[in-house]
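For reference, the structure discussed in these notes is given below.
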Amino acid sequence: MYLALLVIFLQFSELYTQDKVFTFNTVEIKVEPSVKVRNGAPMSIICHADISKSADFQLKYNFTIFKDHKLVFMTVSDTGDAQYEVPVAKSSDTGDYQCTVKADKKTRSSDPVHVWVTGMTKPTLTADKRDVLEGEVVKLRCELPEEDPPLQFCFRKIKTNSTPRETCVPESYTNFSVLEVSVEEGDNILQFDCFGRRNVKLEWEDSAHSNKTLVTVREPFIKPTLTTVPSSNNVTEGDQIQFECSTVVVEMRDIEIILQKNKSILNSVQDKKLLRYSTVATLEDSGEYLCKVEQGGASKTTKLNVVVSELFPKPTLVASMTKLDKNKELILNCSINGFQTANFSIIRKNANGDIPLKNSQTLKMRVNVNDTGSYTCKAEVKGIVKESKPVRINVYAPVSKPTLSVAGGLPEVVLGKPLQLICHSVMGTPPKTFRFYKGDDVEKIVINDTYATFLDENIRLNDQRGYRCDARNNHSSGVKTSDILNVTVIVPVRDASLGSVPYGEVEDGSEIAFLCSVKEGSLPILFRFFKKTDNEVLLFEKIEHRDRAMWHKETMKRQDTGTYYCVASNRANVDVRSQPITISVILAAWKKGVVAALVLITIAGAGALALWWFLRKKKKAKGPSMEMSGSALAANLTSEKLARQPNDGDYYSDSMENRHSRISGHPDAT
């Protein structure tokens, strides 16, 4: 019974569970009044869940609203709607909103919706000072208390009758910014304001401008005055000119006056109201002068242009000649146009310092090569010294007779290769002009100090023209010419060949002659004979003043069989190798006869031995008489052997000899 009730209960529970089925259709989020809200207006974020159910049953909905992935609102509801109220929208409420709904074990999220709260609150601006001196610093603070970073703050410096100067400062982590502004010369009454700026979806949005802050500026000192005595437009070279720069200061503390010309400081004073500077005026003193007064960060300047009139022009140095031979006379004269009275001096320029030659208007001297150089003269009037432009004097020694030689040393060249010649003139003042001749034709002109080179790439076999060169410089003696140089043209060896007599085969003990020859090549020629082995072996070499060489080898042996070749070369240093030939050493004819005779004798001996053996066998077959005689002969040999008893070898050799003699001497031997 109880089992039946349990089954019924489980089936009823399963049916009840199957009736509580639901699914999310959509989850949506919307903004009222719209996704673009004015700063300060109310705003509602509404989340709605659309759900389908299998029956009418109650669900609990957990709503979560996020802004830029950060939680801003949570609630639990029995219905499919939730609402997040923002009474006063601020620019910081701008962002992407998204809603997530959880019911039972199911969760669903909406698509994000971007909300833009337009407009920013008005910033506030404060300054740490309202009354400052030129050069001091004002600290400004711009703040947007109701806005969230990142922000950008722009400060404006406003002067009367000028365009405001704007400075923007980014702030990533604060809703305020501080800027220090230096008060400059001419900033009498200043106004400052600021505004905020933020970036929304790659668009900049600016706030309204803040309140204006007024700052009064006072001068710590007045603009300086700069004067000269004599006046700036009435100065002549040689005059004593005095500069005066002065100012009026509020407080004599850390004040400095500086006098400059072309950024160079001429003089300076500290903690004084007046600067003086004097000098003897020269033409170089013409130009713009600047007087600057500095105190702390404040600075004021005054400019004055000074023109210095010329007392006398620069002197002119004239030379009787600028190019002259060694030991010639040189006259240098210094003069000033329109002036007769001046203190003159003539100087030679030198890298280690000028060398005074004479305190006079004119200088006469007999020159040497060492006198080559630059000369000037100086003139002094009323303490003003001026120098002329330099005059270059060149003194020339004559060139020596040049020598012409081949760069390689010997006066020869290999056919097909270039010939390099050197023309050298030891003496003479550079620069020198060298000319190269082939025959009577000028091949090249070179300007150099001591030597010149010429490369002749057109070398021909039968060219009989000699080479020469000449050299000259600016000396009046003219051209010096070298001796004629004749150059030998070396023809490289070509097409070496090797032959022999006899050719191919030679008898052992016989002689052989090798002949190595070439088709062409300048004499003498070096001929070398080799036998080809693992290591090349030089057999014979000879220098010949003809196109061939012969090598006689008197006795050839069996080990001389092999491959032979020859190499020919001359002063062109090009080795030409012949084709190899093979020589076989064979037995001599008489040696072949001896061998044949030995073979025949051997064959004949073998035949005789066979005949003797046959006859002996035949005698044994005749009867007892033959056996007795044979036994007696054997007994005789045995007794004779026992009587001597020497060693076996000697014995063998001696018994045979005795036996032979006995047999030969026996009366019945024949």
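Cβ from N, Cα, C; glycine included.
Because the structure is a prediction, the values reported are computed rather than measured.
Straight from TrEMBL, the features:
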{"type": "SIGNAL", "residues": "1-17", "note": "signal peptide"}
{"type": "DOMAIN", "residues": "224-307", "note": "domain 'Ig-like'"}
{"type": "DOMAIN", "residues": "313-392", "note": "domain 'Ig-like'"}
{"type": "DOMAIN", "residues": "402-486", "note": "domain 'Ig-like'"}
{"type": "DOMAIN", "residues": "492-584", "note": "domain 'Ig-like'"}
{"type": "TRANSMEM", "residues": "594-615", "note": "transmembrane segment"}
{"type": "REGION", "residues": "639-670", "note": "region 'Disordered'"}
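Per-residue pLDDT, averaged over the domain 'Ig-like' (402-486), rounds to 89. Non-local neighbours of the transmembrane segment (594-615) in the same chain are 587; each lies 6+ residues outside the stretch with a CB under 8 Å from one of its CB atoms. When the domain 'Ig-like' (402-486) is classified with DSSP, helix, strand and coil residues number 0 helix, 43 strand, 42 coil. Residue counts for the domain 'Ig-like' (313-392) by DSSP state, with H, G and I taken as helix and E and B as strand, are 3 helix, 46 strand, 31 coil.
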